[in-house]
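Report on the following structure.
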Amino acid sequence: MRTLWIVAVCLIGVEGNLLQFGRMIFRMTAKNPLSSYSNYGCYCGWGGKGKPQDATDRCCFVHDCCYEKVNDCNPKTATYSYSFENGGIVCGDRDPCKRAVCECDRVAATCFRDNLNTYDKKYRKYPPSQCTGTEQC
């Protein structure tokens, strides 16, 4: 399974912190990040439009908004340092940009964990045509 995740990351495109974010998600939720969160609702995955469909989709919406606020580096390629401590994630990078990216990912992974009870498989592979309305960051 681990090999499949690494191969999938390579096929999607090499993105520095994508693997780090995936590890955070797995550690916090015990779910496969690729199959469970890469194409969920209107905001989990690349792009996003419309209104978030549930609490998990809102986690992705907030994550997208967080990335939009990151300055001085590309949040999709910036690698950062972090650790797992006492059931949580601790961002440890001193570089302000990398730390901001880590915080975006930490908050999202924690949000996924906190909303596991409302995760709904019907939002996997959700059709973009169903994503209507607008939501502001």
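Cβ atoms are placed via backbone N, Cα and C, with glycine included.
The signal peptide annotation in Swiss-Prot covers 1-16 and is backed by experimental evidence.
Remark: Cys42 (disulfide bond) has Gly48, Lys49, Gly50, Lys51, Pro52, Gln53, Asp57, Phe61, Tyr126, Pro128, Gln130, Cys131 as non-local neighbours, by Cβ distance under 8 Å and separation of at least 6 in sequence. What Swiss-Prot lists as disulfide bond is Cys42-Cys131 (among others), and the listing cites similarity to another entry.
Positions annotated as Ca(2+) binding site by Swiss-Prot, on the basis of similarity to another entry: Tyr43, Gly45, Gly47, Asp64. Listed in sequence order, the residues of the same chain lying 6 or more apart from Tyr43 (Ca(2+) binding site) and placing their CB within less than 8 Å of its CB are Pro52, Asp57, Arg58, Cys60, Phe61, His63, Asp64.
The annotation disulfide bond is assigned in Swiss-Prot to Cys44-Cys60 (among others). Of all Cβ atoms in the shown protein chains, 22 besides its own fall within 10 Å of the Cβ of Cys60 (disulfide bond).
Taken from Swiss-Prot, the feature disulfide bond covers Cys59-Cys111 (among others). Cys111 (disulfide bond): 17 other CB atoms within 10 A of its CB, across all protein chains. DSSP classifies Cys111 (disulfide bond) as helix under the three-state reduction.
What Swiss-Prot records for His63 (among others) is active site. Other C-beta atoms found within 10 angstroms of the C-beta of His63 (active site) number 22, with every protein chain shown included. In the three-state DSSP scheme, His63 (active site) falls into the helix class.
For Cys65 (disulfide bond), applying a Cβ distance below 8 Å and a minimum sequence separation of six or more within one chain yields Cys137. According to Swiss-Prot, the disulfide bond annotation covers Cys65-Cys137 (among others), on the basis of similarity to another entry.
Look at Swiss-Prot and you will find Cys66-Cys104 (among others) tagged as disulfide bond, backed by similarity to another entry. Using a 10 Å radius centred on the Cβ of Cys66 (disulfide bond) and all shown protein chains, the other Cβ atoms total 19.
Under the DSSP three-state reduction, Cys97 (disulfide bond) is assigned to helix. Summarising the annotation, Swiss-Prot assigns disulfide bond to Cys73-Cys97 (among others) and lists similarity to another entry as the type of evidence.
What Swiss-Prot lists as disulfide bond is Cys91-Cys102 (among others). Within 10 Å of the C-beta of Cys102 (disulfide bond) we count 26 further C-beta atoms, all protein chains included.
All protein chains included, Asp105 (active site) registers 26 other Cβ atoms within 10 Å of its own Cβ. Under the three-state DSSP scheme, Asp105 (active site) falls in the helix class. What Swiss-Prot lists as active site is Asp105 (among others), and the listing cites similarity to another entry.
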Between Gly45 (Ca(2+) binding site) and Cys59 (disulfide bond), how many Å separate their Cα atoms?
12
Residues within 8 Å of the Tyr43, Gly45, Gly47, Asp64 Cβ centre (excluding the Ca(2+) site residues themselves):
Cys42, Cys44, Trp46, Gly48, Cys60, Phe61
